[in-house]
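**Student:** Sharing the feature lines straight out of TrEMBL:
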REGION    27-64  region 'Disordered'
COMPBIAS  46-55  compositional bias 'Polar residues'
COILED    70-107  coiled coil
DOMAIN    70-177  domain 'Groucho/TLE N-terminal Q-rich'
REGION    212-293  region 'Disordered'
COMPBIAS  226-241  compositional bias 'Low complexity'
COMPBIAS  255-266  compositional bias 'Acidic residues'
COMPBIAS  284-293  compositional bias 'Low complexity'
REPEAT    498-539  repeat 'WD'
REPEAT    582-613  repeat 'WD'
Amino acid sequence: SVNCRNCASWDTVGTADYRLIDRSETRPTLNTTDGDRNYRKRKTTGGATTSSMFNNRHGAAGGSRGQPFLEALEKLKEDYNHMQAQLSTQRAELEKINNEKDQLQRHYMMYYEMSCSMNLELQKHSEIAKRLATVVQSVLQYVPPEQQQATLQSMERAKQISMPELQQLAAAQQAQQLGMMVGPMGLAGQMGMAGLGGPGGLNIAAAMAAMGGMRPPQQAEADRPGQSSSRQSSSRQRSGSPATTGEKKPKIEAEDGDDDEIDVQNDDPTGPAANGKSGRDSVHSGVSSSGTSTPALKCLAAAQQRNPLSQLDPAFQRQLMMSAGLVNQNGKAPYSYRIEGAGAVAVPFPFPADALTDPGVPKSVRPIHDLPHGEVVCAVSISKDAQKVFTGGKGCVKIWDLANPSSVARARLECLEDNYIRSCKLYSEGTRLVVGGEAANILLFDIETQQEVGRLDTNAQACYALALNQESKLLYACCADGAVVIFDLTSMQEVARLPGHTDGASCVDLSGDGMRLWTGGLDHTLRSWDIRERRELLSIDFSHQIFSLGCSPTEPWVAVGLESNVIEVVNTAPGVRDRYQLHRHDSCVLSLRFSHSGKWFCTTGKDNLLNVWRAPYGALSVRAAESSSVLSCDISQDDSVIVTGSGEKKATVYQVQYDMST
């Protein structure tokens, strides 16, 4: 029912009788005995009278209205929670999309740079072609008249490139791409590629040639057949820990050999030898790599055109990859690359026939002593007569007598107040030992009396590396602040400080003639210094921090061990900038030493390996696996002994064997 105070309203009483009540009538007084007629309604049913005055109107309505209100609140709460969940999901998707957007932008910039470089290269070659055409036209007038017409016709034919020639070029590109697409030797390629060959489908050569544009910049196409791409070292420090044997003895293995047989072939023995500038006296072949690989590629391309399914034949794949220089005769990927000049492409280097058969190259190494230092051995040094070994750990240097091997050190030199020792060097006459490490001071000890005889202050937080000149009169110290400090060991005074490195100077060595000082730093630079004038001569930038270096005593080669797994051997001769990149470590290269003969050098790394390389091109002669990171190494004066210090809290003494029959 609807009620209004100022107008007549219908009031329902029961179901039979309805009366209109006029609320405009004068209200009676409170003592009216008959009740308020204007506010009461009567209903007479069967003689009985029932009256009500909006009985239980508000009470009945109140209970029914509360329940819907609570239900509405619950519904709002559920909607709110649902919206919050959707909002969280949207935020996560937005973040994911933003990450994908950033990645796409980076890829776009990378491909944009590639496109720009390719356009510049195209313009460069177009300009070269124009200039060559101009030169040919100018020289054409000197050709006899009876030959000018034939020469002009030859020039016109050279401008017309036929479809078979394009197919041969595509086959040459395919040879470079097969290294990424096919499986191991003796196995077919990826099964997903089988449907690309044959009539009605895509040609595999065309597919892989198209994929050439999708390769990263560091794997750009080479300029000629048989040329491989340069491998880039990318990773930060990452350690690999080979499984150790129960006896924890170093595992000695001849490189890439089976059953302890030394593999002396990294590539075709009849391939090209080292460049004459390398100074190696080996038997060379006069056949160039491009001259041998191009006819083979043409024959293989012709065979592929006759039978497209031949590309799935493992023998065909092997032959094609060998022709392109992607694998050697043993079916193994090359690990030594040569870069001829700045900005050149890294090309797999085919080793000469005598790379590992030379009498002066180690054939194996055999562990003969374990020296339990008790702490991580960060520095080692061996005397000229190979009778004493010095191991530096935390707060002390221990002296070991190899003539009377024992598990107990002969002497112990306390130094650097429980700080790690990073370098220890012997005087040329073997009477004194210089010790530097993670402290500001450099200490000098007398070997006979085992007493401290001098102390030098570097004014730096740490000294990472030391070097002595041939007369043991000057000491060169690489410091944590990037400075290279020169001390006069006669007056025990600092005589010079070489600024240049913007971060810590980590390694140092002297050239074979003693006239140049080479330092490597954590600022990714290799620097050369004139010792007489004490000024910087050269700075070479690298892509990673330099942890170790060594100078060849006989040739102008400097080998650098990087924070990545790469070793670079740089030719420092005037006007020459060729170098080699070696890829057989799995982690950072922590130490590097050249043999005194200059024919080989050894490296150690965080991957637990000791590698012996042929200098300078890096034919890997021997590998020795230890059970922990190998932090340091040294070679005896006669190149017969190698000493390594490892994270296993010991040093290992290896005997170098040059004859497999011994």
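Here, residue 1 is simply the first one shown, and the rest follow in order.
Even glycines carry a Cβ here, placed using N, Cα and C.
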**Student:** Take the repeat 'WD' (498-539) and find every residue of the same chain, 6 or more past its ends, with a Cβ under 8 Å from one of its Cβ atoms.
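**Tutor:** Here the qualifying positions are 462, 464-467, 469-470, 474, 476, 478-486, 545-556, 558, 560, 570, 572, 592, 598.
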**Student:** Within the repeat 'WD' (498-539), what mean pLDDT does the predicted structure show?
**Tutor:** 94
**Student:** With DSSP as the reference, give the number of residues of the repeat 'WD' (582-613) in helix, strand and coil.
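**Tutor:** So the counts come to 0 helix, 18 strand, 14 coil.
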